[in-house]
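Per TrEMBL, the features are as follows:
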type     : residues                                                                    : note
DOMAIN   : 15-438                                                                      : domain 'Enolpyruvate transferase'
BINDING  : LYS26, SER27, ARG31, SER183, SER184, GLN185, SER211, ASP329, ASN352, LYS356 : 3-phosphoshikimate binding site
BINDING  : LYS26, GLY109, ARG137, GLN185, ARG360, ARG406, LYS431                       : phosphoenolpyruvate binding site
ACT_SITE : ASP329                                                                      : active site, proton acceptor
Amino acid sequence: MTSTTNKLTLAYRPQVRGAVHVPGSKSIANRALLLAALASGTTQLDNMLVSDDTARMREALTALGVVITSTPNLDENAAQADAGPLHVTGLGGLPNSTSALSLFLGNAGTVMRPLAAILSASVGEFELTGEPRMYERPIGPLVDALRSIGADIEYQQSTGYPPLLIRGRKLPGGSLAIDGSMSSQYVSALLMLLPLLEGDTHLTLTGTIVSKPYIELTIAMMTSFGARVEQLNEREFLIQGKQQYRSPGVYWIEGDASSASYFLAAGAIGKGPITVHGVGSDSLQGDKAFAEVLQAMGAEVTWAPRSITVQSGNEGLRGGMFDLNHIPDAAMTIATAALFAEGSTEIRNVANWRLKETDRLHAMATELKKCGADVEEGDDWIRITPPVGGAAALQHADIATYDDHRMAMCFALLRFAPCGVTILDPECCRKTYPDFFSDFSAIVYSN
Ligand SMILES: O=C(O)C1=C[C@@H](OP(=O)(O)O)[C@@H](O)[C@H](O)C1
Ligand SMILES: C=C(OP(=O)(O)O)C(=O)O
């Protein structure tokens, strides 16, 4: 691994073995921080993720008056050396701010969307800002739903996009519809707010709902923090108002299943076995299903409640056609694993890749082509065919990462090809996994 300031060259290492403890899940960490902040009582959060996205949530909650303290890490198996338990003293309800606040939320969808919902029903005036890319990521469906029950939210630049100016006020509940066809985060954001409203709410999801497991994750976590959500059917929910979140005492944040995908794919390509600790059959995260896709491609997968082990199958990986709408983040790792598969791999139903840290369909197609793959890109799909000659015929490329942590991380798999790979601006992985490249280098070998 050689690194200059803004690029990292990863030399050929054909084999992988060992074990890794992946850092805490971004999705769970940011939900846990928020729910603990709204709850009565103090919550201890174990295996907290230390990354840009969780830093943005912590800073925002601290500015809102939530006391969060960290304690030293005494666990030598911890995934991150700086990730000791956090103690969050809950507000026992919605925030109440006497001064106007401007909150910088970076490019963290799991902060912008939930806080837009929570603050629209809180006392105070809140400006929600972020990085330039955040201003290109839509939030209109969530704002429309909140306005329909009386929220006062103003777009400060373009209609339908952050930055937002929110003048918080009591919201009554009632009948509410939300379009879940662009992002499940709008649904999760509303769900976390609704128990705290003055009255009961009947919530209907409209459109073709994307990324569904994240909605299930939200409901599971709300339940752990003492709220009740009644699901009437696939699209309808009844949520009583005037509820209160309650601290569960200690809450363990699972390892990040999307971060696990890079190591699991490594095991499938580079012989293995490799064991990823922190994610397993008991996991709440939908991205654990990534291991099922690897299995369908020919890898050998062994499940335990809190770990997954993968090794290459006897016949290597084979391509196929996969609808990966339910695992949009881990799906990116299938796109680079496809370079090592026999035949073409088609990833379907991922239109909202275009709305994330970058236009991921376009970025992925552009960079895979640089490696010598034949790539076709549709509105909501991508098909990858490795060069004739397979991995041995792949070409070394300087991979542009578009300030997208997953572009940087999933192209690390190219080090299993003789050409190796250079990753430009590898530091962008700090959004969810600051130590990714050193953890990845620790499990690869020359023979
Ligand atoms: O709720 C969440 O924690 C997330 C939901 C997904 O977004 P979409 O619902 O926009 O696909 C996912 O891509 C994101 O990284 C995290
Ligand atoms: C889409 C992602 O992030 P965000 O939470 O900002 O939507 C991601 O982590 O891949």
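Cβ coordinates are placed from backbone N, Cα and C, and glycine is handled just like the others.
All TrEMBL annotations are machine predictions without curation.
Sequence features, as recorded in TrEMBL, placed on the structure.
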| residue | record | DSSP (3 states) |
| --- | --- | --- |
| LYS26 | 3-phosphoshikimate binding site | helix |
| ARG31 | 3-phosphoshikimate binding site | helix |
| ARG137 | phosphoenolpyruvate binding site | coil |
| SER184 | 3-phosphoshikimate binding site | helix |
| SER211 | 3-phosphoshikimate binding site | coil |
| ASP329 | active site, proton acceptor | coil |
| ASN352 | 3-phosphoshikimate binding site | helix |
| ARG360 | phosphoenolpyruvate binding site | helix |
| LYS431 | phosphoenolpyruvate binding site | helix |
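Listed binding-site residues: ARG360, ARG406. The one with the lowest count of other Cβ atoms within 10 Å of its Cβ is ARG360. Residue density at SER211 (3-phosphoshikimate binding site): 22 other Cβ atoms are found within 10 A of its Cβ, drawing on all protein chains shown.
The Cβ of ARG31 (3-phosphoshikimate binding site) lies under 8 Å from the Cβ of THR110, PRO114, SER188, MET192, LEU217, THR218, MET221, each on the same chain and at least six residues away in sequence. When Cβ atoms from all protein chains are considered, those within 10 Å of the residue listed as 'active site, proton acceptor' total 27, not counting its own. Candidates LYS26, SER184, SER211, ASN352 (binding-site residues) were compared with ARG360 (phosphoenolpyruvate binding site); those inside 10 Å Cα-Cα are ASN352. Within the set of recorded positions ARG31, GLY109, SER211, ASP329, ASN352, ARG406, GLY109, ASP329, ARG406 have a CB atom less than 6 Å from some atom of ligand 2. Here the CA atom of GLY109 (phosphoenolpyruvate binding site) lies 11 Å from the CA atom of LYS26 (3-phosphoshikimate binding site). With respect to Cβ neighbours within 10 Å, the binding-site residues ARG137, LYS431 differ, and ARG137 shows the lowest count. In terms of local Cβ density within 10 Å, GLN185 ranks first among the binding-site residues GLN185, ASN352. Closest in space to SER184 (3-phosphoshikimate binding site), of the recorded positions given as GLY109, ARG137, ASP329, ARG406, LYS431, is GLY109, taking the CA atom of each residue.
Within 10 Å of the Cα of the residue listed as 'active site, proton acceptor', the following binding-site residues from the list GLY109, ARG137, GLN185, ARG406, LYS431 place their own Cα: ARG406.
The Cβ of GLY109 (phosphoenolpyruvate binding site) lies under 8 Å from the Cβ of ARG137, SER183, GLN185, LYS356, each on the same chain and at least six residues away in sequence. Closeness to ligand 1 is met by GLN185, ASP329, these being the recorded positions among LYS26, GLN185, ASP329, ARG360, ARG406, LYS431 whose Cβ falls under 6 Å from the molecule. According to its DSSP assignment, GLY109 (phosphoenolpyruvate binding site) is helical.
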